[in-house]
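Annotated active site, proton acceptor per TrEMBL: A:Glu49, A:Asp60, in sequence order.
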Amino acid sequence: MTTLQTVFAKAKADDRAALIGYLPAGFPTKDGAIAAASAMVEAGCDVIEIGLPYSDPLMDGPTIQDAVHRALTNGTRIADVLRTVEGVAKTGAATLVMTYWNPIDRYGAERFARDLANAGGTGTITPDLTPEESEPWRAASAAAGIDTVFLVAPSSPETRIKAVIDSCTGFVYAASLMGVTGARESVGSAAKGLVERTRAHTGLPICVGLGVGTGKQAAEVAGYADGVIVGSAFIRRILDAPDEASGLAAVRELGAELAAGVRG
Amino acid sequence: MTAQEGTVLSTADLAGNGAHGNDPDIHGKFGIFGGRYVPEALIPALDEVAAEYDKAKNDVAFLREFDHLLRTYAGRPTTLTEVPRFAEQAGGARIILKREDLTHTGAHKINNVLGQALLTKRLGKSRVIAETGAGQHGVATATAAALMGLECVIYMGAVDCERQALNVARMKLLGATVVPVTNGSQTLKDAINEAFRDWVANVDHTHYLFGTIAGPHPFPEIVRDFARIIGVEARRQMLELTGRLPDAIAAAVGGGSNAIGIFHAFLDDEGVQLHGYEAGGRGLESGEHALTLTAGSVGVLHGSRTYVLQDDEGQTIESHSISAGLDYPGVGPEHAWLKDSGRASYHGITDAEAMDAFSLLARTEGIIPAIESSHALAGALKLGREMGPEATILVNLSGRGDKDMGTAMKYFNL
């Protein structure tokens, strides 16, 4: 499997930021998610986050909520998430799962980590798991050889930043603004400062997410971060497309624009 | 003047001073339950609320102001009412009601909101948001916000907006903005998700005035402490009225605030049985219920580890109850702890049993209870028959039934 370490090393060698795309498993359909994520890779995404659809996604804005609701409505289960990871990992992209904690907790931390690694997954992003509660998951992930990614936020004081990065392997996810997921007119002005504050404490790559949706924004973020994370903007393209083929074309188009953006 | 003198609440009244051994640890854990499972962005705000609350609960001026509001605005202490005609259906046991329905705004929710509104001002914040199911917490929050000049936004499931239209109108009249939530099951659970989303974006000037003892630390502890006055008063009043403590206490459990409010002052009284009644809806077998403690499993919902109605992959299962206020697939972590430790026991009451008790209390005693509280009343009837005529049962009549008249009209064809 492609690891986050190799992705960031390669991007660094190319003197650019990595491009990370998000899509929930099961959206727009179970197979359609694999096709769309593969199109994102073809268009230039280095890393794919596969969302594990959850009934109560309290960190997500309306676009991702809508996509996740569709995924759950069409019966997407953890086996489908793992199958999606397997399909996407075959493209050569480093493939992570982004998930709220309860589905892993219920599935069993060790079992989930093992099954994810066997599917070719390289790690997880867990937006509602704090460092204080993360020990069982870090242990299970270490045993399975996968990375753990946690979030820092503009509101995080130094002590919290330190606690979060101590739990991270792979990279640190810097939330660009105080808010939920969703493309916005501008990336939060707090993002750059947060990346700088975080960089003072860690050598890990720092990637910025929340609110990024255009090539111009990607270029701006790539100016100070090691990776640019885009989710809602890809989903919006699929939601707005009249059919699956034009949705894939729209995803490729956005992927290319963002990929050009991270190359400055 | 110290906190112990006069009519001012003491620290012990407010929080029990830890003497009961049931306070959460530094991470907000009651045993394995509680904690914080929230986006990192909210952690500083939760830390800020926890730190300010720790100062407030030991601040005589704060206790005095809270006590003053409870007495002069909320209408405390609420009385006890013995209901002998109602109790005729309970095998002759004595049934005594703690009348939270007589508070301003008509439910126990007012206690917590007055405390948290004061806390909001201490935090220097100008806006409160809240979630509501039946609307009682929303009405109480809008009321406290009006009283203290705070901007107020209430999130309410679209389904609940419809079945609790009267309370929506009340909140608007009080100056609050009511936001119908159309995600998911469009009930309380989804209103909580939406309120959290608002809070993440506006945490610099907004306090999330959480309405029950669920959610991330420190909410379960704060809401419990502000609701604790119910049991503190009831304990004294029972001793005055009957010369002894009750044999059992019955309370309805949705999120669990009214139940913890009356249970808490009795935790160390080992002879007092504590019974929580959850919404059995159309019955356990129907799958349409809110039997979180009796049929749920341990998981994480809304920032806390507790019992949850969930499937084998951790997806929340939608709950059902005729009572919007009990229609919640989670429960406060302290109840999860009380269940596992065996100190309290939890049972289901179906919609039909609750509505029978609702009607019975109205006809025998001239009191129209909230449908939430009717679950506790139905539980007390069963308990009385089991415990026999010597038993004295204290019921937390957590709210009045005006808001539920629409449901009652349909149910009874009135």
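Backbone N, Cα and C define each Cβ position, glycine as well.
Predicted automatically and left uncurated, TrEMBL annotations should be read as such.
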Most isolated by CB count within 10 A, of the active-site residues A:Glu49, A:Asp60, is A:Asp60
For A:Glu49 (active site, proton acceptor) and A:Asp60 (active site, proton acceptor), the CA-to-CA distance in whole Å is 14
A:Asp60 (active site, proton acceptor), DSSP three-state class -> coil
